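What Swiss-Prot records for 15, 141 is active site. Among the features that Swiss-Prot reports, ATP binding site is placed at 99, 100, 101, 102, 103, 104, 105, 106, 107, 108, 109, with the record citing sequence analysis.
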């Protein structure tokens with residue numbers, strides 16, 4: 001990790017929905033839900049370099065995605081009114097490891113990581129709550145990545161209660177297909193009236209994913225992967241997919257099952273986390289730079305204890 005006060009490197013983790021209940025539909029078209037969010041230690045990496053050219057650059061350029069439509073760029077633009085110095089700019093390098101369109105929140109995580117980093121590097125001094133409030137404009141999953149704790153979530157996913165969860169190993173599988181979230185949430189057969197549960201019920205008994213049957217119907221490869229993974233335990237879908245996961249008590253068993261995963265699917269073994277790896281790395285950066293006179297007053301008060 002680079003501890004230069006003008007540079008910062010942060011991991012940008014994936015999340016899992018340990019269950020996902022859809023409890024209603026709002027007048028604006030969004031769905032009310034309940035879910036348990038847990039981070040995993042499978043991460044992208046973002047490198048930030050502070051500039052003084054008032055420009056936001058992101059590399060590498062993603063084909064068929066204009067920079068202005070990139071969630072990282074949009075997150076940075078949200079913070080430009082709060083910059084300590086109007087000349088501040090940022091160069092961002094994204095190193096991808098997380099699969100796109102997998103239901104593990106890669107794009108939301110990247111946007112949240114940008115909010116957290118620029119809040120410090122640009123001296124914005126916004127609270128985590130304010131960052132989450134800004135972030136939800138870009139995506140319902142962004143607040144949990146901003147807040148950085150495993151959570152029981154309600155609303156569209158932005159109402160968060162901190163929880164402590166077991167931290168098992170997970171086998172994560174990505175079938176070779178892309179799930180359209182819009183297609184899933186507009187399907188007339190999607191369950192939208194699951195009765196709400198209490199957080200105590202969620203922590204003790206868990207739940208299911210209301211999207212699973214519809215996702216399998218539209219995506220035969222997800223169904224195939226689900227049936228395969230189900231041979232080894234309680235296979236689950238995260239978000240609207242396409243990623244599936246299975247929890248294990250130990251690393252050896254997770255690796256053993258992964259070794260037999262069909263090669264046509266991507267697979268990873270990862271560990272559950274109750275604190276986002278982004279926050280752990282950011283707090284380490286701040287601790288390292290507390291004593292630097294010309295940077296101390298720029299550090300966000302939400303992180304300086």
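Cβ atoms here come from the backbone N, Cα and C positions, even for glycine.
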Subject >> Inter-residue Cα distance where the pair is residue 15 (active site) and residue 101 (ATP binding site), in Å >> reply: 13
Subject >> Neighbours of 99, 100, 101, 102, 103, 104, 105, 106, 107, 108, 109 excl. site residues, C-beta within 8 Å of centre, ATP >> reply: 14, 98, 239
Original post:
Measuring Cα to Cα, how many angstrom lie between residue 103 (ATP binding site) and residue 15 (active site)?
Top reply: 8
Subject >> For residue 141 (active site): intrachain residues, at least 6 apart, with Cβ closer than 8 Å >> reply: 15, 105, 108, 109, 157
Subject >> residue 107 (ATP binding site) in three-state DSSP notation >> reply: helix
Original post:
Near residue 107 (ATP binding site), which residues of its chain come within a Cβ-Cβ distance under 8 Å, counting only those 6 or more away in sequence?
Top reply: 71, 100, 139
